[in-house]
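Accompanying notes for the structure given below.
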């Protein structure tokens, strides 16, 4: 834990400069706009500890893998989010002395992330060793309207001197990834040019040939008035800059406005990228700081209007949930189906910035309720476009006939991970990808998606499961041998209950999907059958046989679903038996000890109970929750939210709230002392789920929205918005009342605590909350 | 397969020079003397493909490990056998042209490894591009009498010219390991000196500070007469040489005798090593080639007199078994308890040259029967000396109270391996180390070893097992979760039958050992109890409880011992179902596919049946053999010998012979196209076992030797020697007769086919073989 941030409803605020918190703050105050992002590094030079990080969506690098003992089938490379050239830099000299917060006296330091407006601000007074005192006010944003543009306003006021102040504004392509496997640099420079008032660098990645061009323009105002000066033009091999000096008198304020365009070859032809970058930065320069900021703030207001959650009576909780929502909206905007959501978003390098099953299992529910359907649809299409790679991936593992295994970690559809127990065996990920299709259609009613894109993916996945099971003559049942479930503290187990469950569900749902497509679009149906070379009778008969005859491990006396075969042979200890000082156990225990313990890293059986809740009565859910919760260590950020939702489900609001707390301020209060590496972006969606699906009890049942609201005793009220099939509903919950405003769309019927209510368009409903 | 070697009873012979076989030959023709060894590189320059390899026993390097995903408990380094400076080099120039077999015409090439004498010979005629023709005869050996000395005789005869021949004799320390993880070089040079007639290099390893000094002297004869010439002295940073030139007339023979001492800081103080090396090479020089060779050959004759196996009627089999015995005797002589037997001995770099359980499970039986007891005893003491490290290793994994886990791979007692499924889970290795103590005492009757060294080790190992098991309340049995058995095509399984079996055996035997020590040496007994802080009642009560209540998986219908829990859930395929072109499967299948298949890499349940044969009736052995043999792929060199012995045991001599063939010429005929990397030294002991324990049926039963001889139909007869409790017995088996000569020792009683025979000293027995 490290609680150094001030509580505030709309802002993240750091008061006073402590270098030891700086790298965490660099993560926490990160900016992004879906198209690019960066950590909250300082514009001016900083010689203290910093993790410079500038990222461009979709621009990655296949770093040569490092492995101890090669296994057949391992991928040759691990795709990494690429640290791109740094364009925010503005060196500041005061009478020849470089401003550097590691080398001067700093007072009145405040760093603010204004989440309402999407703006990073910083102000402080610096006293340099030459005695000169300056006040700095810096403000920057990445436009979510013109997403190739970033803007900085950097103001220096001479507090106690007359003299010279200079700005050296640069773009620096001499960057590297901290997690490079062999300490290699990943960029080649194609083109650099610096001229008066403008400079740019075009660089290409050493592999895959992504091109990126960054072009900067700037303007300087003195006390609000345009001021001209001759710039020194600086051009090095991997660096361009303009350096410009001004005379000031005490009290003068110089404001440096930097407009930078950041373009990548994902969106521009390689021959035109440099020219386009010049045009984009010129247009931004023309439009000017004020107008750019205004449209940016307006666009954020629009986002908040459908995704905000308001909590009354608990500022820390209010701040936290907004932080989670803000980061999710910064990371992925759903405009480009080639993009996805890395576990650290644009806030750090770790985990390679690649796509995991986190997207489908955690992020999809968030975007479904808080964005237009296209946003989630693009996440699904991302996987659809990678189907062929998933088929090839399965072929490498010996599967045939179009069976598809989606990778555990990927950028472009190819597997990047290389631990056999994960890469080859953590196959439940395939189920999450199928479930996301179901979830999307359940929420949006966009059934046409099946014929357009969904069915191909479902068939590939079901074919995989059908080949992956083994018929055990000993058990007279189908079994699934050698898997790793969501609980990665078990490897190579047999009959992981969750995996078997989702596998059977996939094979059933694919048959339903076939049925729907056949009825609704027989032409397309025939086309799919032919394209997939699908032997309907034989293949679906096998699927049905597997579904009917799958082995599910169950504890005989209690009927608890067993995580895997043999789970009850373990010593049945509880998390509370562990000495907290030796947690997380993976930092203290050897792997074999973890594996043979009964301790659970993250929801596993309970992940299945959560996903398929409608199949289980409350008693069953309680029984399983009460069995697994005490054995679960929540040593993954993805874990507490699922437990929180189930605790709400069984009416245990105190446990639900306790679990909610673990997820909501995970990064803000740096629970695990790892915020400096980047934020847990994907698990932030789980925090949102804990409120909406947990406390709010929101479900989609038979095509209708259903709520079963509870409220933690610590809160006065909370409200959240849900976009559901054309309606925008604003749901308010207090201890006394449940209110629903039908803000957009036609009349709607919803269930609250199992009673159906009709809410006409643009009207609201208030009922008592018993 | 690559059958290019000529069959011969005592020699390995390669006729004609084929560069594509050279690296395999470099392995196969390797020389060693227990103290050092090298591959059969050429003395003269060779610009073709070669793997230069010079090794000094006990001199290793902790190379920085390379791992993809770090797990807590992994070792930081992997100890590697170190490629040491090359001292065999003699460049030869003929009228200024360098002799290089890659660049001249070669005829009459014969390379011979004379196993009877321990000498490597080579002769050929080379026609250089200048038209000069020379005949070369090279001969070298590593003295097994003065084990710090290597000697070369290199003769050149001018066949068709008068002119100049020069020799440049050198020591080159600019060497590297081909398997260096980060391409680093491992040696620093301390001292180089070249003077007329003598040169040396002292080098130290960059880590661990091993010092090595090599000192060379030489002499040249012309047509058998000493001939003098002035040498050019060459001294570079990592290289010393003497270059010397002679005038010759057609028909002249120049013979270069090179005497090199190779000393390491294992046996010499670092301040004296250079001086001592000079003395040792001077002494060798004084003694001279003829005398050194004579004593060397005599010592080999002595070795053969107790370890030879004679096969009549099958030259290929005769050659193969001698090759296996020869390589084992070259690799380990048992004089130094700090040394052990790397899987590749002195013949290659792979597997790091470290100690594996191969030593105890395979090599110990060989050395027990073919060497003085001290040889095996030193192998046991090696582990005894590493007990503290084994305790520390277990502590890293969470064990306490003196529990010891010996490493999977080691040089100095510390674990080197870093795959969790092996490092942490392939714990059956601990059992082999205990079994070797039992086996040594069973064979030698040296029960005093228990009090001296054995009991400490047994207690450490039993304590490990006692803590490693879990009591399953579900089964009401002790279980052993998360292990890898000898069959490494399964990982992280529960209740590996072999591991459970050997664990229980350890805990029982340790109690027997306690009992024996208590009765025979009560003072030492009390001392051990105190030193180990051994709570006799509590600890042994738990051991007994575990032994009595251990869970052993068993196939219900047939009673076959199951390799692990759930084995019968697998698809029961047979090795014969596999397409041979996709073998070995680990080169074609992804790891998960291997793991969930029923295919077995090497004897696992059958390893246990072999070790504890006396506990099972013939029916049980047959049943298990017939179940497992068809599922076993023998994709480890350690596998076929165990199956061969059991096939003999159940009377299936044809299968036994087939399996024997797989092991005996594995390297000579390069079955797996990997001989170029080095030889399978430790599995060679298994070949010996296949004859002696397999065909010969030799066992020790109640302190007496027992034989149940069979003979393959392809052989006329075979005979082997066994050192057993002071007797040297020569056992002869033909289809008609079994003969035993009591060559050394007192009268002895042995069992042949369950009948007891007394053989008086220096006499023999012949009985009919029905």
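Here, residue 1 is simply the first one shown, and the rest follow in order.
For all residues, glycine too, the Cβ spot is worked out from N, Cα and C.
Those TrEMBL annotations? Automatic predictions, nothing curated.
Taken from TrEMBL, the feature domain 'Glycoside hydrolase family 65 N-terminal' applies to B:13-265. What TrEMBL lists as domain 'Glycoside hydrolase family 65 central catalytic' is B:322-689. According to TrEMBL, the feature substrate binding site maps to B:357, B:358, B:601, B:602. If you look up TrEMBL, you'll see B:488 marked as active site, proton donor. Feature annotation from TrEMBL assigns domain 'Glycoside hydrolase family 65 C-terminal' to B:698-758.
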Check: What is the separation, in Å, between the Cα atoms of residue B:488 (active site, proton donor) and residue B:601 (substrate binding site)?
Finding: 6
Next item on the list: Give the three-state DSSP assignment (helix, strand or coil) for residue B:601 (substrate binding site).
Entry: coil
Next item on the list: Only counting partners 6 or more residues apart, tell me which same-chain residues put their Cβ under 8 Å from the Cβ of residue B:357 (substrate binding site).
Entry: B:408, B:428, B:429, B:432, B:433
Margin query: Assuming the binding residues for substrate are exactly those in the record, B:357, B:358, B:601, B:602, what is the maximum CA-CA distance in angstrom, rounded?
Written below: 16
Notebook entry, point to check: For residue B:358 (substrate binding site), which residues in the same chain are close in space, meaning a Cβ under 8 Å from its Cβ, but six or more apart along the sequence?
Noted result: B:341, B:343, B:638, B:682, B:683
Check: Average pLDDT across the domain 'Glycoside hydrolase family 65 N-terminal' (B:13-265)?
Finding: 95
Checklist line | Cβ-centroid neighbours of substrate site B:357, B:358, B:601, B:602, 8 Å, sequence order | finding: B:356, B:361, B:486, B:488, B:636, B:638, B:639
Margin query: Please list, in sequence order, the residues in the chain of residue B:601 (substrate binding site) that are at least six apart in sequence and whose C-beta is under 8 Å away from its C-beta.
Written below: B:487, B:488, B:489, B:586, B:632, B:633, B:634, B:635, B:636, B:639
Check: Secondary structure at residue B:358 (substrate binding site) (DSSP, helix/strand/coil)?
Finding: helix
Note to self: From the DSSP assignment alone, can you count helix, strand and coil residues within the domain 'Glycoside hydrolase family 65 C-terminal' (B:698-758)?
What the structure shows: 0 helix, 40 strand, 21 coil
Notebook entry, point to check: In sequence order, which residues at least six apart in the same chain have a CB under 8 Å from the CB of residue B:602 (substrate binding site)?
Noted result: B:486, B:487, B:488, B:632, B:634, B:635, B:636, B:638, B:639, B:642
